[in-house]
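Structure first, commentary second.
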Ligand code: FAD
Ligand code: NAI
């Protein structure tokens with residue numbers, strides 16, 4: 001038996017960041033992880049592999065669509081799927097090994113195996129029981145099941161199977177037009193698959209700014225993706241190599257069937273708490289199966305904390321990381337803090353989508369007076385030069401005070417541009433503060449400034 005100040009269960013972005021910060025703050029720390037490699041969902045089967053495939057397939061798209069016009073002639077590249085998977089795996093490996101290096105550097109013990117909490121202050125891994133003054137549960141999430149749809153991770157797959165298909169399917173049906181469905185759907189569409197997305201609601205990416213939703217869907221359609229909206233999937237039928245997806249259109253209850261070589265089920269994720277022993281420990285859960293925590297990430301059991309996908313809030317790696325740092329500070333007797341009002345969301349398609357803060361819908365619901373400053377990338381010189389003029393920046397600011405309340409961007413590098421707005425919001429900046437800040441020319445960032453100008457006396461280039 002070993003004794004620690006802190007034992008973290010789960011080495012995803014929440015858990016590994018919490019462990020590193022705990023160690024940096026002088027706490028003797030261990031992490032329990034049952035996977036073969038560190039980094040959790042994000043590094044192994046989530047953010048990192050999906051972004052590697054998005055990058056590679058985007059390069060192919062650029063070569064096929066824009067190279068000739070720029071005077072880059074020659075044979076366009078063809079897809080070597082096996083090599084693309086090797087590139088993806090190498091990307092995963094360098095990242096997961098990086099976390100192992102950081103653990104060694106910070107003297108964090110990796111307790112290999114699946115952990116449970118038999119009582120407060122104790123963590124069991126295999127047959128060994130370790131003592132810890134504080135325990136942080138960061139066990140993450142897993143794909144939600146869909147009634148009537150049996151996942152075999154070969155023909156009917158979740159995102160995990162979709163990242164390791166043995167070939168690019170001819171026909172891919174994606175169930176769910178959320179972040180996973182659209183990111184991985186675009187990967188396969190760019191690689192030559194015929195992709196049909198079946199979505200229950202009438203708009204893609206629920207909760208997003210409606211103008212962004214419309215522009216986004218239009219652009220994806222132009223890229224060849226097909227959409228069946230307002231459709232409730234009833235069941236799938238799969239053989240070893242093919243599947244049928246049965247759905248009903250909500251508007252008239254009519255029944256339809258789609259043929260597919262692969263079906264990607266991407267209808268959300270749920271907290272993963274299996275084997276932790278939370279019931280016996282009497283840990284309070286929310287109605288949605290998340291571990292309930294208070295403002296300092298304490299569960300209902302003293303000394304047991306929880307962070308990341310397993311608790312309430314957006315299931316995002318950076319949200320988990322922020323909670324990881326904050327809970328470490330709380331445990332070390334400092335004041336950990338996460339500003340949940342300023343957590344950006346990014347979709348890494350091309351164009352990218354980035355958003356933060358309030359939407360027009362949430363502002364209307366709260367009865368708040370606001371103004372909108374919008375600027376199209378068609379007025380941005382850099383975007384036009386790079387064939388990336390599609391999309392816009394939209395800033396929402398308080399009508400009276402001009403304080404920035406949110407922003408929604410679809411366009412080139414939206415996932416980077418959104419952070420200028422995040423910093424501005426953290427500092428309580430007004431749209432005018434952004435508008436008066438000199439932005440280098442020619443950059444995509446100028447579109448953010450122009451949108452800020454549009455909240456005041458007007459943009460220059462539109
Ligand atoms: P996880 O990363 O899920 O890690 C939990 C870890 O705990 C796992 O390694 C698991 O093995 C381990 N564990 C669980 N129970 C035990 C136990 N009892 N004992 C020992 N170990 C245990 N988010 C973004 O912000 N950006 C993206 O681009 C992005 N892309 C994504 C793409 C895909 C395909 C998917 C599926 C997700 C993506 N996400 C993305 C979401 C992101 O992966 C999660 O929000 C993030 O990983 C949550 O971190 P976490 O630390 O809470 O949990
Ligand atoms: P999601 O919640 O983003 O989208 C699920 C979609 O499926 C919704 O549009 C929903 O209406 C639809 N749906 C639900 N039931 C359906 C049914 N029966 N038939 C048809 N459609 C149905 O979930 P997703 O895409 O699975 O992603 C899970 C989580 O992973 C998200 O919370 C996201 O935050 C995270 N993630 C983040 C990424 C990023 O930050 N870039 C990338 C990938 C995942």
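Heads up, the Cβ atoms here are built off N, Cα and C, so glycines get one too.
If you check TrEMBL, you get these features:
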type: ACT_SITE; residues: 441; note: active site, proton acceptor
type: BINDING; residues: 51, 115, 309, 315, 316, 317, 318; note: FAD binding site
type: BINDING; residues: 176, 177, 178, 179, 180, 181, 182, 183, 199, 268; note: NAD(+) binding site
type: DISULFID; residues: 42-47; note: disulfide bond
type: DOMAIN; residues: 4-324; note: domain 'FAD/NAD(P)-binding'
type: DOMAIN; residues: 343-452; note: domain 'Pyridine nucleotide-disulphide oxidoreductase dimerisation'
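A simple Cβ count within 10 Å picks out one of the binding-site residues 182, 315, 316 as the most packed, and that one is 182.
Separation of the C-alpha atoms of residue 441 (active site, proton acceptor) and residue 318 (FAD binding site): 30 Å, rounded to the nearest whole number. Sequence-distant contacts (6 or more apart, same chain, Cβ under 8 Å) of residue 115 (FAD binding site) comprise 7, 9, 32, 34, 123, 124, 125, 276. Taking Cβ-Cβ distances under 8 Å and a sequence gap of 6 or more within the same chain, the neighbours of residue 309 (FAD binding site) are 12, 14, 41, 140, 141, 269, 271, 272, 315, 320. Taking the Cβ of residue 317 (FAD binding site) as reference, residues of its chain lying under 8 Å away and at least six apart in sequence are, in sequence order, 12, 13, 42, 46, 47. In the structure as shown, the Cβ atom of residue 47 (disulfide bond) sits within 10 Å of 20 other Cβ atoms.
When the domain 'Pyridine nucleotide-disulphide oxidoreductase dimerisation' (343-452) is classified with DSSP, helix, strand and coil residues number 40 helix, 33 strand, 37 coil. Close to ligand 1, meaning a Cβ under 6 Å from one of its atoms, are these of the recorded positions 42, 47, 176, 178, 199, 316: 42, 47, 316. With a cut-off of 8 Å between CB atoms and residues at least 6 apart in sequence, the same chain places 197, 198, 199, 200, 265, 266, 267, 268 near residue 176 (NAD(+) binding site), listed in sequence order. For residue 51 (FAD binding site), the Cβ neighbour count at a 10 Å cut-off comes to 16, with all displayed protein chains included. Within the set of binding-site residues 51, 316, 318, the entry lying nearest in space to residue 182 (NAD(+) binding site) is 51 (CA atoms). For the recorded site, residue 115 (FAD binding site), the DSSP three-state label reads strand.
Over the domain 'Pyridine nucleotide-disulphide oxidoreductase dimerisation' (343-452) the predicted model carries a mean pLDDT of 98. Taking the centre of the Cβ atoms of 176, 177, 178, 179, 180, 181, 182, 183, 199, 268 as the NAD(+) site, the nearby residues of that chain (Cβ within 8 Å, site residues left out) are 174, 185, 197, 204, 205, 266, 267. It is 11 Å from the Cα atom of residue 51 (FAD binding site) to that of residue 180 (NAD(+) binding site).
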